[in-house]
């Protein structure tokens, strides 16, 4: 390829005569033009960065973009809330996220976790399941949410989570299919939660608040009452949400205050029972609990005016008020007794309530320990006068009803766009909220069992205690604190559900993962999801029509449990796959905990209700398959291998659909090795470095080329491939080997770069060793091949890694116990310089090394602000590193720089013009590459008298150009004069003046090398931006010389070129 270049191609943009009459390269770097070259010369002159100036359009200076990298906006476009849109209308100024851990995460989680179940079903659950059973249920559910919170914290701190909460986390971790399926499940769960809260509020109205006017007072019409009132309340709430979300948000703190005050009132009441138990009588006939309505005295007869008269209770069970009346047999055979409903925490009632008391539907609520006379053959009469079990109760039912009371842990992550420091606030706030609520729930189980009589606990609607809320009677100073507090908290939670669910549906719709939902992504001009709100209210109405809190609770439990299960799965998979982007700032997680949480969620789904669990899974599967509908056709072969081939083909077809997201980007490395005459690898340490980089896993292709033809050299190629495989096995590199046979090495290498890999499983990074003997005449072709590799990787938008002095790199068996990996971040090329040290430090060789990042500040840069911005940027990247900004002030170009540039150009021109024989080239190379013989001026940093004509040193020391003249022969001069008579002889070369562009680039290389040596001489590894390759062949020698000067004196250097795309992100 290189050998086929024509003179015309070499001279493209060729020599121009500009002022000094000497040949001048138009621009030896990619992406440049003559006009822009002049402008950039003026722009970057004196800025010490001329070596990188030709690529500033594609790879800007770090100092110019650092501020924008640090000061990102973590709210996606179009995600403003209605309230923000109204508040900001007219001023156009967006507010910075300002919520801290307490207001942004902890309190919203507390508000969402505490809810209707605590006030309406907790006491009933303790009475039915017993203290032991209830405590186990609470512990199991709270453990599930705690494990989920740990997984969620890891995901949420793995970058910035824009508004979208769990849906965003799952969809970006597991892909659009899982994300869409789980997102819809979470949406349905949130919607049914709204129905549950509304039903709870209506139950409080109809059962607990006596002033309500019933549509019909017959008990059997209770369900219809709940449906009618529930529909009215739902319509009112939906209207409030439609008209003004900001009122809902502003009332959130009021609703939260009601919840907290109610809970404090319960604890105060428990303490008071130890001192003075409240009067809370319960009437018992035999051992059956009586409905308190219809009678005023818990006795059959009372003494009045020296006579015995019957009571209202007598008239309920007997056919007349007289003592000789015919009465219900059970009433006649058993005594009426009155017990204290809340005997107090010191009464010892806890022992009676330790174990469960499960009931069938229609069973009597009976007090343990009381005997009763009952004839089994006599039919039961007046059953409507006793408190009966309204549903059949069992352990799994209790789990399904209780679980919604521990949901709401996503409230913090849903507000991530409003948090000042989401990566710190979400884990702390969420885990603290779960710890607080779990403590309250567990203590409530024990305290309810220790304070309240069992029959009262099992009386779900308080029928035996005048319809009072049991937990309200326990509270101090008044039961109305609980009644009003619980009513407002349920209303507030319902409003929050009707506010959040439409926005979640809108986020799913706008992602376009489910096409038929696109219409719900639209809304009012301010982004309010009108259509999504309408659908949410319609689905919520289904829950209202069910009209039973106990029937709705397991439904939403299914959807929440499925969502939590996939959060745990996402964390476990990310941890096990060890993707390069998986760098959570929250460190207290483990894949085993995530799998335990996932297993608990799956178990609870089937414990709560196996048929609901199957329905939820069918819904999720249908959505998954619908999203995947355009996927590859299944092709089943026979046996395991056929399945593997089908899976591999399917995976390759999926990879072909598009480039990977930045989060999933990892270096898929093509390692270019050279072989000796015996087909043995010349640089085995390249594979050691490859192994150390593969903490990110991914693809590895180890390739080499053999000169010849396929027919004649096939045996050599096989031998080379065996050598590669043997070395890969020794170095524990998992990947593929590839050997190509070509007429020359240049073409063979080019073929490997072009066709390596298969389909979407292609390399994106090339690893090639630095040609350390490039100055030797016999290696002239090798270094030109190297530059062609640089050119081709740039053209193919691949990253390039060039380790210099590869023999000094550590083997896989070595360990660094201390030291630094230094990154010199000069231009931004997609973040490769940040990602590579992170990957290296995952390997045991580099694990103990600390990372330092240096960036360069110019004269007009604010180095203090740059350092702050860089620290902020690294914090969001979840990368721990020391940061230092190195100031490189403007300085005059020294005479030493001119001398070194002149030597370089003279050597280059002589090689081009003279076409030296091999012996003459060797002699010339020895003379030019002998740095000790180059005599410098007395002060290396002194300013020359003329920028283009350096002062000759005192003492008559010869300049490098003069030293080169001494090595020249008359024969060479005569050959040069004959070949190029217009040049006026070879001696004119030594009168040439250095190219100003080359002088500035040499100045950059020397200055950078000076500061790098000062800061990083002792570093275990230095990573450095690699300047762009020459545009044409005229500047190749100069380019190599620039890189040599840039890295001179450093032990291990890894030159890095990005592939033209971002490979690291602050987002989760």
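One-based numbering along the chain as shown.
Cβ from N, Cα, C; glycine included.
Sequence annotations record features per position, and here TrEMBL assigns region 'Disordered' to 1-50 (among others).
As annotated by TrEMBL, compositional bias 'Polar residues' applies to 15-36.
Annotated region 'Disordered' per TrEMBL: 74-93 (among others), in sequence order.
The domain 'Amino acid permease/ SLC12A' annotation in TrEMBL covers 105-270 (among others).
For the transmembrane segment (178-198), the residues of the chain that approach it from at least six positions outside its boundaries are 115-116, 166-167, 170-172, 230, 233-234, 237, 404, 407, 490-491, 493-494, 497-498, 500-501, 504-505, 507-508, 511, 513-514, 536, 539-544, 546, 549, 552-553, 555-556, 558-560, 562-563, 566, 616, 619-621, 623-624, 627, judged by C-beta separation under 8 angstroms. Here TrEMBL flags 178-198 (among others) as transmembrane segment.
Summarising the annotation, TrEMBL assigns transmembrane segment to 228-245 (among others).
The feature transmembrane segment is assigned by TrEMBL to 252-271 (among others).
Marked as domain 'Amino acid permease/ SLC12A' by TrEMBL: 388-670 (among others).
Taken from TrEMBL, the feature transmembrane segment covers 391-411 (among others).
Annotation source TrEMBL lists transmembrane segment at 431-457 (among others).
Among the features that TrEMBL reports, transmembrane segment is placed at 477-495 (among others).
Cβ atoms under 8 Å from those of the transmembrane segment (531-549) belong to residues 116, 120-121, 188, 191-192, 194-196, 198-200, 203, 223-224, 226-227, 230-231, 234-235, 238, 241-242, 401, 498, 501-503, 505-506, 509, 519-523, 555 of the same chain, restricted to positions at least 6 beyond its ends. According to TrEMBL, the feature transmembrane segment maps to 531-549 (among others).
The transmembrane segment annotation in TrEMBL covers 555-576 (among others). Tertiary neighbourhood of the transmembrane segment (555-576): same-chain residues 144-145, 147-148, 150-152, 154-155, 158, 166, 169-170, 173-174, 178, 182, 185-186, 188-190, 192-193, 196, 400, 403-404, 407, 543, 582, 589-591, 594-595, 597-598, 601-602, 604-605, 608-609, 612-613, 615-617, 620, selected by CB-CB distance under 8 Å and a gap of 6+ residues from either end.
Residues or ranges marked as transmembrane segment in TrEMBL: 588-613 (among others). Beyond the ends of the transmembrane segment (588-613), by six or more residues, the same chain brings 140-141, 143-144, 147-148, 150-151, 153-154, 396, 399-400, 403, 554-555, 557-558, 561-562, 564-565, 568-569, 571-572, 575-576 to within a C-beta distance below 8 angstroms of the stretch.
Sequence annotations record features per position, and here TrEMBL assigns domain 'SLC12A transporter C-terminal' to 684-802 (among others).
Annotation source TrEMBL lists domain 'SLC12A transporter C-terminal' at 816-926 (among others).
Helix, strand and coil content of the domain 'SLC12A transporter C-terminal' (684-802), in residues and according to DSSP, is 63 helix, 25 strand, 31 coil.
If one looks beyond the transmembrane segment (391-411) by at least 6 residues along the same chain, the residues whose Cβ comes under 8 Å of a Cβ in the stretch are 105, 108-109, 111-118, 121-122, 125, 128-129, 133-134, 137-138, 140-142, 144-145, 148-149, 152, 165-166, 189, 193, 196, 356, 358-361, 430, 433-434, 437-438, 441, 549-550, 553-554, 556-557, 560-561, 604, 607-609, 612.
Using a Cβ-Cβ cut-off under 8 Å and counting only residues 6 or more beyond its ends in the same chain, the transmembrane segment (228-245) has close neighbours at 81-83, 194-195, 198-199, 201-202, 205-206, 215, 491, 494-495, 498-499, 502, 528, 530, 533, 536-537, 540-541, 544, 547.
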